[in-house]
Amino acid sequence: MGTIIQFLVVSCLLAGAGSLDPAALMQIGVIPTNVRQLMYYTEASSAFIVVKLMPTIDSPISGCNITSISSYNATVTKLLQPIGENLETIRNQLIPTRRRRRFAGVVIGLAALGVATAAQVTAAVALVKANENAAAILNLKNAIQKTNAAVADVVQATQSLGTAVQAVQDHINSVVSPAITAANCKAQDAIIGSILNLYLTELTTIFHNQITNPALSPITIQALRILLGSTLPTVVEKSFNTQISAAELLSSGLLTGQIVGLDLTYMQMVIKIELPTLTVQPATQIIDLATISAFINNQEVMAQLPTRVMVTGSLIQAYPASQCTITPNTVYCRYNDAQVLSDDTMACLQGNLTRCTFSPVVGSFLTRFVLFDGIVYANCRSMLCKCMQPAAVILQPSSSPVTVIDMYKCVSLQLDNLRFTITQLANVTYNSTIKLESSQILSIDPLDISQNLAAVNKSLSDALQHLAQSDTYLSAITSATTTSVLSIIAICLGSLGLILIILLSVVVWKLLTIVVANRNRMENFVYHK
């Protein structure tokens, strides 16, 4: 029953995925995981957003001196004044005067920017192009300043120039204003000051990089999220004509922002948002494939299949998406990154397992399990699979390539030295027997390391033999050295003894000579007497 449920779930995920056979693939350790749509994008349109850095606050008590507002304005002015000066400098350098040709003005302006990358130069030129719109928006600052709406349209005559945003106005309208109605001046000051201080901290984080050069430092997606606050979904819906949610757009990283105007008197900032043009490729799905080792024909093997495929009808192609942006639901690409697969690989993906190619694996540094949607797919013949709650060892028969484990059979699972808590579908083992031809198992780097391990083992054995021979030679050399030293000592002692004998012989001979001479002299003396 668990197997049927699992197959139904995967089949629903892959609805419209053509001839890809998830049930057959899971039998050999290939698990289809994420299924996404494919979209192509290019930068095309832009929108302007004016951000009111100071919310509209109507004090119900006349005569109150709200010092927190003055302090906030002074701090924000110090923080953003370098940005305003930088914007003015770049604008003056890049916008030609009447006496100066446009081309010459741009060249001189870019030279004034110093060393810059192509992206930075593009950002600077974009600043010039947006200057007219930013100026038109800031000319309506009085109308913008009077509104206390969190999001409002900026309209000149019948032309919509952009969207006015007050990131903290929602909080002011719903929380602060009702609270200060019954409060005194000090309480009002404290409440308003706390809100403004929090927003000031966020502004400091957002514009840290822009203080150096706003034209060359685009605003990040995280900064846009903080800057627009709770108004973000509304701003995206009003400014951009797209069916994609604000969360999806932000997670894609395709939205970029750039400061193009600033008015510190009214605390208003104009931001240009670049939005890509998106096109969906119909009837196409990008499917991720997670591959684990499987126990087939009494050996551990791994299927040789791509990690990501594109399925269009009955056509299956590899899709690395190396130059694409991937979100949980969509793959955004500038171009089609598909690669043609061999006939055998396509047949394998379609469920013909006799056409699949496998590689034998040796060692522990490989993938033997994968977790997806609260389910564990594991090769329990090649690793320890132990259920901790309830306590039991999970056995995988030789006829089963992989084992599927879920919470109905095991809540707490141990895989070798790792422990998991499973939260979701039934512990089931595929009972189908898969027979592979010898030609299906190929040695493919880097998965097949058996030959390399054999070579390493042989090298180790040879090294041990050489070490043993070295010990023998060393022992022989040591013995020979000891014998040589003793021989030298014996020769030296023998030589010294011989020299002593010679010296003693000479001395004795001299003494005998003297004695004989004295005796002869005494005999001659007696005879003459």
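Cβ coordinates come from backbone N, Cα and C, glycine included.
The shown structure was predicted, so the numbers you read here are calculated from the model rather than taken from an experiment.
Candidates considered were Cys324, Cys348. The record in Swiss-Prot pairs Cys333 in a disulfide bond with Cys324. Between Cys387 and the candidates Cys348, Cys356, Cys410, Swiss-Prot records the disulphide pairing with Cys410. For Cys380, the cysteine that Swiss-Prot lists as its disulphide partner among Cys356, Cys385 is Cys385.
Of all the disulfide-bonded residues listed here (Cys356, Cys385, Cys410), Cys356 has the Cα closest to the Cα of Cys324 (disulfide bond).
Put simply, Cys410 is the one of the disulfide-bonded residues Cys333, Cys348, Cys410 whose Cα lies nearest to the Cα of Cys385 (disulfide bond). Between the alpha carbons (Cα) of Cys380 (disulfide bond) and Cys387 (disulfide bond) lies a span of roughly 12 Å. Distance noted between the C-alpha atoms of Cys356 (disulfide bond) and Cys333 (disulfide bond) is 30 Å. For Cys348 (disulfide bond), the nearest of the disulfide-bonded residues by C-alpha distance turns out to be Cys333; the candidates were Cys333, Cys387, Cys410.
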